[in-house]
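Scroll down for the structure; my scribbles are underneath it.
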Amino acid sequence: MAAANMEKGELMNQVKQQIALANAQEMLSKMTEKCFKKCIQKPGKSLDSTEQRCISQCMDRFMDAWNLVSRTYGNRLQREQYRTMESLEMTS
């Protein structure tokens, strides 16, 4: 029974890692698409300094927004989990 629980835990960790990787890949893809559309008017062999600066600032803002949303969502999940646990304790 303990071995089965350990395998289940390991499987859950692998699934969480795969989800995190998929989320990171999706974020990178969206960031690339949005910043490219915003900053690159005429694609060529290289980026000029204005395009480089725009890409850098766009990526920084995108990451800041992503981190803010992630923290806020994580905090909300924790609050809801805490409320659920309190509710369960009250009914016991």
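Positions of Cβ are set from backbone N, Cα and C atoms, glycine also.
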Consult Swiss-Prot and report which candidate among C35, C39 shares a disulfide bond with C54.
C39
Per DSSP, how many helix, strand and coil residues does the motif 'Twin CX3C motif' (35-58) have?
15 helix, 0 strand, 9 coil
Pairwise Cα distance for C35 (disulfide bond)/C54 (disulfide bond) [Å, integer]:
8
